[in-house]
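**Student:** One structure, pasted below without further comment.
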Amino acid sequence: MPELPEVETTRRGIAPYLEGQRVERVIVRERRLRWPIPEDLDVRLSGQRIVSVERRAKYLLLGAEAGTLISHLGMSGSLRLVESGTPASRHEHVDIELASGMSLRYTDPRRFGAMLWSLAPLEHELLRNLGPEPLTDAFAGQRLFELSRGRSMAVKPFIMDNAVVVGVGNIYASEALFAAGIDPRKPAGSISKARYLRLAEEIKRILAIAIERGGTTLRDFVGGDGQPGYFQQELFVYGRGGEFCKVCGSTLREIRLGQRASVYCPRCQR
């Protein structure tokens, strides 16, 4: 699933080609995504100028003159630029044709993404209760410490809770906990303030590096230019269960935690 770095990589890739452009038309080949694409999306968006391309958590917000298109990439989705008129293959469900002669093409093999229209996107039910962005000053270790008090749940699902902080998915939660030396099974409420301060800094550092590398390509993800990300070459634990730890040489353990596979080092993470 594309996580925050992959979505931010997409945003940075498509924004220069979209902002200021007028939409000629919207071609929808398949409306049945996680939520159906609005039947009148072409009417609402055609003729409008795109004024901004922003991101909130894992949602892309294409701001037009009279509303905003909220897009989520789901499990396997991608947005990339193609020349208008380029034949669409299977799973290429939507084209937003621009006056420039380019089209923003949405591809989603599993159809678990979304394209929704909103006049007030930040008040939309999918966005209004989200926590702070991890790469802003609104997110810090102090927040993690305060929100974790009295919590018995494991620290990994705690930091993956979008009400606590947005965009920290399975890949980057695993890597940040390894970098901070914290066992992902440890109860969130038992972790000290000092360790949360370190964890927050590692979350910020790892997400920033992943964005610089264009995200992590494990299966389907490509950026707005159609190119894969390269952060997977720097993974220490995610997806490496049974392999040797790159730091201490111990065998990495894979467990189920919060209905997800989690890999950690029993020696480096306490």
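Keep in mind that glycine also has a Cβ here, set from the backbone N, Cα and C atoms.
Pulled the feature table from Swiss-Prot, pasting it below:
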ACT_SITE  Pro2  active site, schiff-base intermediate with DNA
ACT_SITE  Glu3  active site, proton donor
ACT_SITE  Lys58  active site, proton donor
BINDING   His91, Arg110, Arg151  DNA binding site
ZN_FING   236-270  zinc finger
ACT_SITE  Arg260  active site, proton donor
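What's the neighbourhood like for these features in this structure?
**Tutor:** Other Cβ atoms within 10 Å of the Cβ of Pro2 (active site, schiff-base intermediate with DNA) number 29 in total over all chains. According to DSSP, Pro2 (active site, schiff-base intermediate with DNA) sits in a coil region rather than a helix or strand.
For Lys58 (active site, proton donor), the count of additional Cβ atoms within 10 Å of its Cβ stands at 21 [all protein chains shown].
Mapped onto three states, the DSSP output places Arg151 (DNA binding site) in coil.
Summarised as a single figure, the pLDDT of the zinc finger (236-270) averages 96.
Taking the Cβ of Arg260 (active site, proton donor) as reference, residues of its chain lying under 8 Å away and at least six apart in sequence are, in sequence order, Asn170.
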**Student:** Between His91 (DNA binding site) and Glu3 (active site, proton donor), how far is it from one CA atom to the other, in Å?
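**Tutor:** Rounded to a whole number, the Cα-Cα distance is 20 Å.
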**Student:** Expressed to the nearest Å, what is the distance separating Arg110 (DNA binding site) and Lys58 (active site, proton donor) at their Cα atoms?
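**Tutor:** Between the alpha carbons of Arg110 (DNA binding site) and Lys58 (active site, proton donor) there are 17 Å.
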**Student:** In whole Å, how far is Lys58 (active site, proton donor) from Pro2 (active site, schiff-base intermediate with DNA) when you measure between their Cα atoms?
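**Tutor:** With the alpha carbons as reference points, the distance is 8 Å.
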**Student:** Reported as an integer number of Å, what is the Cα distance between Glu3 (active site, proton donor) and Lys58 (active site, proton donor)?
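**Tutor:** Rounded to a whole number, the Cα-Cα distance is 6 Å.
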**Student:** By DSSP, how many residues in the zinc finger (236-270) are helix, how many strand, and how many coil?
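**Tutor:** Its residues fall into 0 helix, 12 strand, 23 coil.
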